[in-house]
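Visitor: Once you've had a glance at the structure underneath, I'll fire off some questions.
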Amino acid sequence: MTDNKDDKTISVAGKKTLTLKPSGVTQGTVRQDMGRGRTKAVVVETKRTRSPLKHKDERPITPVAAAPAAARPAEQRPMPPQPSGRPAPQPQPHQPRQEQNRPRGGVVLNDLSASEMEARRHALAAAQIRDAEEAKRRAEEEVRRRREEEERIAREKEEAARRAAEEAARPAVEAEKVEEKVEAATPAVAETRPLSERPAPAATPPAPAGVAPRGRRAGEDEEGERRHSSAGAPRGKVVRPEPAKPAPRAKGDEGRRQGKLTLTAAVDEDGSQRGRSLSAMRRRQEKFKRSQMQETREKISREVILPETITIQELSQRMSERAVDVIKFLMKEGQMMKPGDLIDADLAELIAGEFGHTVKRVSESDVEEGIFNISDADDEMHARPPIVTIMGHVDHGKTSLLDAIRHANVVAGEAGGITQHIGAYQVEQNGQKITFIDTPGHAAFTAMRARGAQATDIAILVVAADDSVMPQTIESINHAKAAGVPIIVAINKIDKPSADPQKVRTELLQHEVFVESMGGEVLDVEVSAKNQTNLDKLLEAILLQSEILDLKANPNRTAEGTVVEAELDRGRGAVATVLVQKGTLTPGQIIVAGDQWGRVRALVNDKGEHVKSAGPSTPVEVLGLSGTPAAGDRFAVVESESRAREISEYRQRLAREKAVARQSGSRGSLEQMMTQLQTSGVKEFPLVIKGDVQGSIEAISGALEKLGTDEVRARIVHSGAGGITESDVSLAEASNAAIIGFNVRANKQARDASERAGIEIRYYNIIYDLVDDVKAAMSGLLSPERRETFLGNAEILEVFNITKVGKVAGCRVTEGKVERGVGVRLVRDNVVIHEGKLKTLKRFKDEVSEVQSGQECGMAFENYEDIRAGDTIECFRVEHVTRTL
């Protein structure tokens with residue numbers, strides 16, 4: 001037993017005392033009132049006596065619980081035993097001590113017999129003896145445990161001291177090894193001193209809390225002594241000592257913030273600070289050595305490849321320099337830039353030279369290198385057919401002449417009987433092939449004729465014998481001279497009665513075309529396409545000229561040539577008519593034509609037959625391109641799709657940049673555009689043009705641009721080869737434009753969309769009609785012309801003031817006549833002071849429509865009465881006349 005209330009030790013240690021249950025005694029439970037509405041279950045024993053009489057007031061009783069030893073010390077002494085016939089009942093082990101100390105209440109118990117009291121005293125004495133033995137055993141165990149703990153702590157201290165000594169000596173050994181490697185003596189000796197030689201900071205406490213050994217608190221020895229001294233105290237709860245608070249950290253003490261906690265720092269009782277690591281010491285020594293020896297890093301000069309534009313960040317990466325250094329250099333030059341800013345190649349070259357690098361400048365156009373103008377060896381050259389272009393004025397019989405040579409009828413297939421496409425054909429004469437290119441003669445097809453002249457070897461100038469030299473004839477002569485190709489004059493229509501070939505030769509002299517009959521070198525042949533007269537002579541002249549030119553090409557190389565025409569066919573897709581000038585083109589090859597590329601799916605000749613190859617001077621249709629190239633673009637075969645795609649993307653980007661530059665140059669800023677509209681007042685006629693081939697669209701665009709004036713002009717919103725689609729209608733609706741289809745039609749979706757949007761679609765197959773209709777429509781945008789016709793003058797003799805009418809001028813007509821309702825001007829001292837309309841015109845008292853010269857009349861003006869005698873009235877009529885382009 002003990003006085004400590006906190007002692008949780010149960011006096012009866014879980015062992016149930018063996019008791020002999022007396023006969024005639026029954027146990028039960030009752031609810032005992034605890035007060036304030038609380039109850040508890042109480043075990044009671046009922047004793048039945050053998051006497052025949054029962055006590056009427058007999059009630060169940062409960063065993064008396066053992067009171068605490070501290071409350072009743074007198075009961076701790078054993079009482080003298082009394083004889084009893086049965087053993088005393090033991091207290092229930094499951095009842096806690098608090099319940100034993102609780103005062104009785106609620107139920108009045110009967111007095112126990114002497115034997116029962118004696119038995120209970122014996123049980124209580126035995127329990128007290130067991131408690132004393134248990135307390136003694138626990139005290140012995142506590143002393144033994146403390147002794148073992150002290151021994152373990154002593155061993156840990158010795159081990160920690162040994163490790164601390166090793167850690168303190170290791171930096172000194174390592175520093176000596178590093179010092180031997182350093183050639184020059186350095187003042188780094190102070191850094192290599194062992195940690196044990198460093199003076200401890202004065203402000204550091206001898207045993208800081210942050211470095212205390214694990215499992216051991218400050219003042220533990222004193223606590224151990226205190227526990228030894230109190231070993232004989234009464235048994236109770238072991239009071240744990242509170243950990244000592246860490247001493248306040250002195251100013252400048254880094255504590256645990258410098259690095260991690262190690263065993264060396266934990267047992268460092270002298271308070272020395274944590275030392276620098278070995279790698280840090282090596283870095284410091286190497287840095288000091290370089291500074292002492294003034295060692296400089298070797299500059300590496302690199303070859304920097306510079307495109308046309310480059311960012312500062314990318315330039316610095318190519319030079320292996322820091323972008324900050326490049327920006328500093330630019331700041332010194334007076335330019336404030338960011339790493340992401342673009343600079344041109346000139347500035348980039350200046351920067352690279354400043355940093356000591358060499359520069360190699362490249363251009364985006366380098367992707368096109370090696371695909372054109374590849375030189376061929378002379379022994380690989382073979383003779384090729386001549387390429388002949390037929391040129392001349394419209395309706396002079398160019399296509400008819402070619403039809404007669406080919407024995408075909410192309411004129412019947414052309415709308416209006418005029419050629420609106422470039423046609424490429426190949427004929428054979430005496431076993432030799434000749435390639436013909438037919439060009440349009442209309443004025444709108446100037447670009448086509450120019451392309452035909454550039455891609456040709458010989459130009460045939462067709463001149464009608466009855467029409468002589470015409471404007472497009474002169475233009476064809478100029479194209480041929482600009483291309484540097486020889487000319488053969490074919491004087492056509494000699495079968496007509498009005499034909500005069502000599503007149504043609506004479507007029508050609510004015511344009512520096514000297515035929516052989518006039519002492520020149522130009523061949524001339526009189527032919528008739530209708531009657532097929534002298535066609536063989538013309539072909540012989542062509543072959544003779546080709547022999548003089550000695551035309552050769554290398555067929556055993558990649559193909560190269562010119563796009564003659566391109567169109568978008570519904571069933572075949574993009575189709576380009578090309579003229580192979582060098583090499584041989586075969587299906588499956590990858591070609592680049594303008595800004596389009598593709599793999600050749602099929603080759604079709606001028607007769608509609610599929611061919612397996614196309615050699616030099618052979619015209620073929622190419623299927624398989626990604627889009628329609630522009631007529632006149634050059635094509636070439638490349639080795640891979642990636643190369644073709646790269647070239648195509650580069651050319652498309654160039655085309656976009658040119659279009660943007662053209663728009664920005666013509667449009668400028670918004671203020672400039674508004675100023676231009678206010679000053680010039682130019683009206684635009686928007687159009688969406690779709691044609692069958694690219695060349696026709698180009699001709700239409702050129703013809704419409706020529707119609708523009710200072711007041712109105714045609715603006716082509718979109719143009720392309722192919723049929724009219726729903727997207728074209730949407731574009732026309734957004735831009736309020738009209739749609740023109742040249743030899744193409746709109747599909748059903750486009751027609752339905754145009755009906756819903758109210759967009760007009762006009763179809764044409766002759767360029768004359770298209771240009772005339774657009775010209776008439778553009779004329780409607782012109783403001784009408786104001787024409788003024790002088791009628792006569794009248795002199796004011798007197799001014800009358802009439803009621804309800806106002807001032808009326810009495811006049812005499814001095815010149816011409818005066819009409820009512822016409823425009824009048826009031827002239828005073830030769831200065832026009834008013835211009836308006838004549839309201840009233842009377843002769844005597846009658847209203848008249850006009851007054852002739854020499855007669856007198858009365859006049860009144862509309863909304864004007866400042867008239868005086870002596871003023872002159874000038875009458876005129878204004879007419880508005882519709883203007884045309």
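Every residue, even glycine, has its Cβ placed from backbone N, Cα and C.
Checked Swiss-Prot, it gives:
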type: BINDING; residues: 392-399, 438-442, 492-495; note: GTP binding site
type: COMPBIAS; residues: 63-77; note: compositional bias 'Low complexity'
type: COMPBIAS; residues: 78-94; note: compositional bias 'Pro residues'
type: COMPBIAS; residues: 130-183; note: compositional bias 'Basic and acidic residues'
type: COMPBIAS; residues: 184-201; note: compositional bias 'Low complexity'
type: DOMAIN; residues: 383-550; note: domain 'tr-type G'
type: REGION; residues: 1-295; note: region 'Disordered'
type: REGION; residues: 392-399; note: region 'G1'
type: REGION; residues: 417-421; note: region 'G2'
type: REGION; residues: 438-441; note: region 'G3'
type: REGION; residues: 492-495; note: region 'G4'
Visitor: Under the DSSP assignment, what numbers of helix, strand and coil residues are found in the region 'G4' (492-495)?
Guide: 0 helix, 1 strand, 3 coil
Visitor: Quick one: DSSP breakdown of the region 'G1' (392-399) into helix, strand and coil?
Guide: 2 helix, 1 strand, 5 coil
Visitor: In the compositional bias 'Basic and acidic residues' (130-183), how many residues does DSSP call helix, how many strand, and how many coil?
Guide: 52 helix, 0 strand, 2 coil
Visitor: I'd like the number of other C-beta atoms within 10 A of the C-beta of Thr439 (GTP binding site), please.
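Guide: A count of 30.
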